[in-house]
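As annotated by TrEMBL, domain 'Phosphotransferase system EIIC' applies to 6-135. Summarising the annotation, TrEMBL assigns transmembrane segment to 44-68, 88-110.
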Amino acid sequence: MNLSVLLIGGALTYPTMVNLSSTTDVLGTVFQGTSFEMSYYTTVFGIPVIMPSSGYTSSVIPIILAVLFAAKLDRSLRKALPDVLKNIVAPFVTLVVTVILTYLVIGPVATLISNSLAWLVSALYSIPYVGGAIAGEKVTYSGEATIQLTSTETIDDSKIDSSDAVISLVDGDGYYTDELILKATTLDNDWSNGQTTYTLSEGDIEWSLGDYVVSDSNSGKEWSAFGGDGNGVYTFNLQVSGLKYDGEEVDAQMFKVKVYIYGRDATDMAEQYNDLEDIVATESSSGKTLSNTIQWTWKGSGDKPNLADNIYITWSKEDGEMDLSADAVTITLTSEYGDSLTLSDDDYQVFNHDNETQIALIYRNWASNSCLYRNDHFRKNRR
């Protein structure tokens, strides 16, 4: 049977058959005009031999089905034939019948199945959330915001002038404005009942990579499934200014837009960094001079604070020297959208020295965004 399988494979990849599409003319086409269209270049007993244009050299399903059929046929023949014939006749009949049926029936059916699967996968890829979940499609997004002018009187659309209106990105949780480039900065002068629609399309807001080095293919200073709120949902604050009504400029107003990232992961990044040693905090000083008030100091390696830095509390002369432990400190992160997160005491270490308490956050800084939260609240639990 092993020899029969090799011969079947050889018959399906025979050069003359493989080159049919380039050496002969098309005799006909089946399923013409559909996604399953297939041409044939020769016939056997008047039956068209339908196969891929490059033959079966790069096909998998046809040979699998052909071998399954051959195995069943060989087994049946060996049961039916006398012992003296089974070792000669069974392989020969199996080979001839399987090759003929593969070219006439099994191959075309398998090709149709392959094309159907390809069509299904292509259709799934065209659905943003599904396609992205399958293979991490390029980030696509769209969103609309309705901008509404309000007044105690009826709005006259002809008095609205948005020719000088500007849409700009303003600070928000999880990002800084200098990290992003907003390209959709204008409004259409198309108003109805005091309303117009601002649309954010693909490419309208992008990350400014600068000199940032992307160390892997799925994360870094770009859209990430772990960015934004930690689940790939980014909320950006936009501001519209420069609108005029009846010649008078309208006060600038802020509105929000969300971008959802799908189909991205950092599995390759995890593999790349899983051998890194744990962060060990080191004791240091803020360098502040003791005063009559409590002083808060942030100190890190970057130019903006993040959750891999040191926070120092320089106590006032009245407080004197404090001796705090990690479980006596509560660090709660809150966002402007109402989310909050309280760190556990193994997320940081606390050192006390010279009227100063150092809180060392022991996260590794490998995210481009400084943190998901803008407001950091530290509470000392007095005992």
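Here the Cβ of each residue, glycine as well, is placed from N, Cα and C on the backbone.
Since the structure is predicted, the reported quantities are computational estimates derived from the model, not experimental observations.
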Seminar exercise, completed: Outside the transmembrane segment (88-110), at least 6 residues beyond either end, the same-chain residues with a Cβ under 8 Å of its Cβ set are 1, 3-4, 7-8, 11-12, 17, 38, 44, 47, 49-51, 56, 59, 61-62, 64-66, 69-70, 73-74, 77-78, 81
Problem set entry | Helix, strand and coil residues within the domain 'Phosphotransferase system EIIC' (6-135) as assigned by DSSP | 86 helix, 14 strand, 30 coil
Exercise. If you average pLDDT over the domain 'Phosphotransferase system EIIC' (6-135), what do you get?
Worked result: 78
